[in-house]
Amino acid sequence: RARLAAEAEEITEGPAETNEVEFLKFAKDPRNLFNAKNEAALLNQASEEAQELPKMADPGLRYAKEGEDTDPHMIRLLQTTGLDKDGMRRLRIKNLVLHRVVNQTRMGKISSIYFLTIAGNQNGLLGIGEGKASEVEDARRQAMMAAIRNMQPVPRYEGRTIFGEVEGKVGAVELKLSTRPPGFGVRCQHLIFEMARAAGISDLAARVTRSRNKMNTVKATFQALMSQRLPEDIARARGKKLVDVRNVYYGGNV
Amino acid sequence: MSLVSLAHVCSHLQNASKARLGLTSIPSTNLHLTLAHALQKQGFLSSVTRAGPTPPAPEMIADPSSSPEAEVTQANIASRRLWLGLKYWNNEPVLRKMWMVSKPTKRIWLNHHDLGVIVRGREAG
């Protein structure tokens with residue numbers, strides 16, 4: 001019966017409906033209505049369903065490659081400083097000050113950890129950075145990155161000591177750094193010792209006269225080291241010729 | 001002989017440097033003249049000119065002999081002052097600090113031997 005019904009359907013497509021069928025067949029073939037270079041693309045259009053979009057990774061997500069850093073702050077630091085992981089590992093980084101600070105709000109006491117770190121390449125560069133966060137790891141990392149970012153060249157005489165005597169004052173801390181002859185060593189308090197070691201200063205004397213607040217001592221030492229006046233600049237300002245007598249006359253023996 | 005005037009000169013030059021003045025004047029005496037010449041020789045002052053109460057013109061500073069006002073007579077000697085040109089380099093004054101070593105509270109005398117020791121950098125004090 002079904003076979004008969006199908007045959008009947010076929011038979012009912014008489015000459016009157018043949019045109020309709022032929023038109024539908026004509027319309028279904030995209031080659032009659034569209035022109036395209038790519039046959040495959042043309043035939044794809046034939047179906048009413050939307051095309052399959054090409055599969056690609058979600059542009060919002062960024063996946064780390066093998067062995068690469070994921071931390072955006074670290075990447076940015078390496079970019080801005082021009083260092084690579086090796087260079088950063090060779091820096092001398094030391095946390096000098098670490099304490100809990102507390103902010104009293106109406107919700108209660110909000111405590112944070114504060115780090116003061118110095119970074120130096122032991123050859124004339126020194127930087128200090130502060131980091132404050134609720135977690136110890138975050139604060140330490142913040143301070144380390146700030147220290148590396150803030151590295152500045154420290155003027156050194158013969159690469160071992162500072163030029164003359166310099167003073168630094170931050171808050172109630174007043175200190176004085178003095179140059180010393182070769183072989184003297186860094187005979188200073190532990191904070192200034194670490195800073196001198198990171199900067200590559202091997203002969204130094206220091207006297208902290210007033211307060212000895214750790215944070216301000218570090219800042220005052222940094223200020224003092226940066227405030228050195230170079231003899232060449234002084235000579236140029238005064239219009240005088242400058243000769244390093246120790247080098248030229250005594251051949252470095254005095 | 002009073003050295004009070006030298007202390008005044010020290011203070012005045014420090015103040016003038018802080019105020020970034022180009023020219024400043026001090027009383028015209030032989031002591032002041034010697035000091036001014038010494039400072040100029042060491043490169044702390046650009047010019048030392050003797051003129052009246054008003055600042056000298058730039059032409060007079062450059063070439064004192066050319067100007068007729070440079071002449072010191074009995075009539076004008078009382079009003080003469082030494083005009084000193086201050087120097088600045090790299091946004092900083094060249095003559096920053098100046099103070100008396102021998103003070104009324106502690107007088108210091110040195111002979112030529114001791115001066116030599118200081119000049120050669122053997123002792124700072």
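Cβ atoms are placed via backbone N, Cα and C, with glycine included.
Here is what TrEMBL says about this protein:
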- A:91-154: domain 'S5 DRBM' (DOMAIN)
By DSSP, what is the split of the domain 'S5 DRBM' (A:91-154) into helix, strand and coil residues?
14 helix, 38 strand, 12 coil
Let me know the model's mean pLDDT on the domain 'S5 DRBM' (A:91-154).
96
